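What follows is a single structure, written as structure tokens, with notes after it.
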Amino acid sequence: MLKAVPGTNDIFAQAKEYPFREPVFRYIISTAEEVLRGAGAQMVYTPIFEYLEVFQKGVGLTSDIVVKKEMFVFEDRGGRLLALRPEPTAAIVRAFNEHGMKVWPQPVRLFTWGPIFRGERQQKGRYKQFHQVDYEALGLSDPLLDAEAIALMVRIYKTLGLRNLEVKLGSVGDPEDRVRYNQYLRELFGPYASDLSEDSRVRVEANPMRILDSKSERDQALIAELQPKPMLEFLGPAAQKFHEQVCNYLDRLGVAYTVDPSLVRGLDYYVRTAWEVHHAGIGAKSALGGGGRYDGLSEMLGGPPLPGVGFGIGVERLAIALEQEGVALPADPSPTLYLAPLDEAAKIEVLALAEQLRPKIHVEIGYTPKSPRKALEDALKKGARYVGFIGEAERARGVVTLKHLETGEQRALEPLQLHSLFEGPELK
Ligand code: AMP
């Protein structure tokens with residue numbers, strides 16, 4: 001029997017293992033959507049695959065995604081390389097430029113959610129296909145938008161009922177600040193290159209900052225020993241002022257955060273603001289979500305200058321955190337009416353009646369004829385408010401036997417009476 005690829009998951013209501021239960025996903029996505037729409041962001045769907053260059057140029061040649069070949073790449077029939085998206089931001093920037101959103105009132109604030117693909121080794125909270133809710137504010141370089149993005153992200157987590165959050169805020173500076181920082185790191189790590197992991201050895205020359213967020217224990221041990229100065233000490237005056245403004249705005253909004261002077265992010269396109277949201281239950285090495293400013297990304301993709309800031313929330317990791325905090329999910333809606341056939345001929349009668357009532361109320365039906373006692377058990381299991389039976393006796397009189405499950409009150413109703421009972425906005 002064929003099985004799913006390791007690192008991919010089927011998501012359904014009765015899934016035994018967190019975080020793969022569909023009601024949890026629905027809760028997260030609908031809450032995020034409500035928060036983001038309520039703040040005026042528009043939903044956008046971009047394809048789950050793009051030309052490889054969109055992601056390769058965007059995330060950077062020294063990111064894990066490119067170095068460790070974490071992208072799922074395939075050829076189209078013309079031999080052009082395509083990739084499943086390893087992150088949504090580059091695709092959204094591509095769409096912004098392609099559809100001339102520059103002429104819309106700025107900033108343009110967009111959100112999306114959907115599957116993301118990275119060929120990482122599977123562990124708890126790390127999958128080959130996972131899901132993200134993603135928000136992007138494009139077209140304006142103003143620390144107000146960074147503060148708003150962080151506040152919205154935190155509000156999504158809090159609305160879901162999550163506590164124990166920590167927002168780590170840093171700045172990766174402007175490109176020229178990073179040139180100075182990388183030079184400093186190159187000199188620091190250079191003599192110890194042979195102590196680094198194979199991936200990081202390449203980075204000493206190409207992009208030593210990337211060594212700092214390496215997942216390799218070997219690299220982390222060397223970092224602990226060498227104690228590099230943090231990025232924040234290398235900010236130029238413009239990036240420094242921008243960072244202070246983001247902090248001031250967050251203080252003013254009452255959003256709690258801690259400044260992490262050495263925060264660096266996994267993707268090359270970030271400038272200035274970078275942040276991560278951590279949760280005790282997920283472990284220090286993995287973030288619940290992250291975000292940052294990416295003013296140079298559009299130009300990396302061959303587009304015009306386009307400032308932007310945004311975040312990605314990992315749905316699976318968030319589901320794990322919600323479970324660990326024991327957050328109760330909203331109950332699934334239960335049917336107002338459960339209609340049960342008592343004999344073979346009643347099957348279609350029950351379905352026909354259900355279809356007439358369904359625009360008004362939530363109706364479920366039994367699919368195989370049962371005794372009234374068994375059908376009643378089914379209705380109770382479903383949490384229905386009423387159960388209706390149709391059998392030989394009902395057919396002879398042209399009625400449905402309707403029982404209110406809470407009071408036990410039972411009456412025989414003609415279809416018209418049944419319709420008017422469920423017509424009103426408030427049912428007993
Ligand atoms: P990143 O784009 O790497 O900052 O990822 C944003 C968020 O997506 C992370 O904070 C995680 O919550 C989630 N995430 C990233 N990679 C994975 C993965 N392989 N499996 C599950 N969630 C992930």
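Every residue, even glycine, has its Cβ placed from backbone N, Cα and C.
Annotation comment: TrEMBL describes 28-330 as domain 'Aminoacyl-transfer RNA synthetases class-II family profile'. Here TrEMBL flags Glu87, Pro88, Thr89, Arg118, Gln132, Glu136, Arg265, Tyr269, Tyr270 as L-histidine binding site.
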Binding-site residues whose CB lies under 6 angstroms from ligand 1, from Thr89, Gln132, Tyr270: Gln132
For Arg265 (L-histidine binding site), the three-state class that DSSP assigns: coil
Cβ neighbour count (within 10 Å, all chains shown) around Glu87 (L-histidine binding site): 22
Model confidence over the domain 'Aminoacyl-transfer RNA synthetases class-II family profile' (28-330) (mean pLDDT, whole number): 92
Those binding-site residues listed as Thr89, Gln132, and which of them has the most Cβ atoms within 10 Å of its own Cβ: Thr89
Extent of the L-histidine binding site in Å [max Cα distance among Glu87, Pro88, Thr89, Arg118, Gln132, Glu136, Arg265, Tyr269, Tyr270]: 21
DSSP-derived class (H/G/I helix, E/B strand, else coil) of Gln132 (L-histidine binding site): strand
For the binding-site residues Arg265, Tyr270, the one whose C-beta sees the most other C-beta atoms within 10 angstroms: Tyr270
Helix, strand or coil at Glu87 (L-histidine binding site) [DSSP, three-state]: coil
